[in-house]
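Noted in TrEMBL for the protein shown:
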REGION    B:1-28  region 'Disordered'
TRANSMEM  B:50-71  transmembrane segment
TRANSMEM  B:83-102  transmembrane segment
TRANSMEM  B:123-141  transmembrane segment
TRANSMEM  B:153-173  transmembrane segment
TRANSMEM  B:185-206  transmembrane segment
TRANSMEM  B:226-247  transmembrane segment
TRANSMEM  B:307-330  transmembrane segment
TRANSMEM  B:367-388  transmembrane segment
TRANSMEM  B:414-432  transmembrane segment
TRANSMEM  B:444-464  transmembrane segment
TRANSMEM  B:476-498  transmembrane segment
Amino acid sequence: MEIREAIPGAVVGLAAGVVAGGLAALVGQPLSWALVTMLALGVPLALLGGGLGVLIASGRLPRGRFAPVALFWLAGFPLARLVHEISVSLVLTGQVRLPSDLAGFLAYQGLVSMGWAIGFLWLHERIALRMRTAGATSGAATSR
Amino acid sequence: MDDPNLVARTDVSAPPQRESQKEPQGERVWPAGRLEAMPIRKLPDAPPSIHLLGPTVFLVALGVGMGEAYMWPRLVLLFGPDIRWLFLIGVTLQAVVMLEMARYAMATGESIFFGAARVFKPIMWFFFIVAMAVYIWPGHLSAGAAALERITGIPWTVSACVGLILVGVLFSLAKVIYNLLENLLSILIGLLVVSTAIVAAMVGTWQDLVSTVTGMFQFGYLPADALSATWFPVIVGSIAFAGPSGMQQMWYTLHLRDSGAGMGAHIPKVRGLRHAGKEEQMPSRGFMFDTSDPAEMAKWKGWRRWVTFDALLLFWGITMLVTVSFTVLAQAANRESPNVKALIEAGEREAALNGMSDAFASAGGPVLGAVFLGFIALIGLNATLGLFDSFSRGQADMAYHFVPGAKRFRMSHLYAGFLWGVITFGIIILLWGPADGPGAILDVLAFLSTFAMGAYCVVLLLVNNRMLPKPIRPKLVTNIIIGLGAVFYLGMLFYSLVRFGVVVD
């Protein structure tokens, strides 16, 4: 199984973290706050996104289908957001704090995950397509 | 992950027979209207129905705009989430319109403008004139560029003028304009969707989402204020701006064709000015497939499944996602900072957008205010890229086929002519004129834009029921929905005009 399969998903996950952290820095938030936001959200999403790519490449999830990706993120996205919330509270306040209405929080994140899944898959396809095209081009050049 | 569409694209990029090849004597044709009959050709195999990359990105880029980011969140703050049932009807209707636009374009490889000309040429000229009147004004740039000014400090006229020139250069250098734009817009829309989901996840609550979603099913809800002279025209305008507005759905037929969907595979692609010399001869009309052949009809069903997935998940789903997210954001801001409602109610668009940004900033920190403005700038960029390409594509298509002597030029030359024409005019107006158009004709432009939507519903009924072979004509239910669409748009427009003396706002 190639680790390359994990790259597009990991890139999209990290990009989401960079968007959140980068905007925080842009509007003058402390760098530490921006960095925590970027890592606490970007790393879980990148790990899950990369894992999804590997699962599909290994045949454990069907290729080219939206439903398995949506179901994966239905569980994964709320988990990543929970990690994000806990990490931010831990770094900024030194205490582990769960969201006040945990069930409501997870249910809401689960619903938002549908939108995330569409955007994730959309960007993932683009990056994967570029990687395949680049791979095919370099492969053809090598075989000459 | 596989890109199933890639395989299909490779297939359709090499169609079995092109116009330049000699047509056999006595070949079968499909006569449609008074214009040249369409020769029968093979329909390419359809791609798998589940896909992500395709021409819908243009419709999403054009359709997800001010209606979703500003007009509907504004109405929700003013009248409550229950007003959103009108949005649900507007976007669902647009999804059906999209499927019907695709029916003609995929069956013939012709644009809906050509189809309108087959019914009655003046109808097509009406759309040609409406496009010239409505879409040459660069006002659509102002909201996005003003948002960029708030973030970066760069004066909005500077970024708008530089943006216009960059768009022109980019499109002129492109080998195939469609491919370049699809790549670019896919990334931009993907970023918009991912970022919207992230921000909504960080600031919204379960209650916001529930009230927003359940509000979509409160059919018939209309508070007394909504029927006033102040707000009814705003509601009509918001419904018209739910999803693609004006002529955007009609331009989608040109993007479908250039993507190689259905019989569009037999039509050459529009190239950038620099590569115009490589463009193949554009046929003088589209093609039809053999609808009496069961194998061809099976392929047609595959293409209908393909575009239905586009309409339901990509178009309907993303439009809903963005507008639900923005409504959730607006509700969160209103909860934290109640003065947002007064700001939004009183302000004109730019003032209200800044007010919403400030409210978001006070609700979720300066990050949220900047995120909101960033989204507005991104939406503005998407719309501008899509609009300039679409306008030039549509006008070039109509001019090439129906202006006497225009066939001396290549389609790419005409495209470049309209593109640089609208860019030059846009820069002149941005620097010295009224960006939205002269004040005296603003009402006329708003009227024409909404009228065009009712008019294209009528055109769809005529074109799809009279110009296509019976086996691929729309079903009765579809015709009823499109007919109701015409009544919906035209009825509200004229009711607003007669009852309140105002067009749309």
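Note that Cβ sites are derived from N, Cα and C of the backbone, with glycine treated the same way.
The stretches the transmembrane segment (B:123-141) and the transmembrane segment (B:444-464) meet in space: the count of Cβ pairs below 8 angstroms, excluding pairs fewer than 6 apart in sequence, reaches at least three.
Cβ atoms under 8 Å from those of the transmembrane segment (B:476-498) belong to residues 89, 93, 96-97, 99-100, 232-233, 236, 239-240, 447, 450-451, 453-455, 457-458, 460-461, 465, 504 of the same chain, restricted to positions at least 6 beyond its ends. If you look at the transmembrane segment (B:414-432) against the transmembrane segment (B:185-206), you find fewer than three C-beta pairs under 8 angstroms, all six or more positions apart, and that falls short of contact. For the transmembrane segment (B:444-464), the neighbouring stretch richest in Cβ pairs under 8 Å, chosen from B:83-102, B:307-330, B:367-388, is B:83-102. Outside the transmembrane segment (B:307-330) by six or more residues, the chain places 49-52, 54-57, 59-60, 63-64, 67-70, 72-74, 76-77, 81, 84, 87, 91-92, 94-96, 98-99, 102, 106, 189, 192-193, 196-197, 199-200, 203-204, 208-209, 212-213, 242-243, 256, 261, 340, 356, 360, 368, 372, 375 with a CB less than 8 A from a CB of the stretch.
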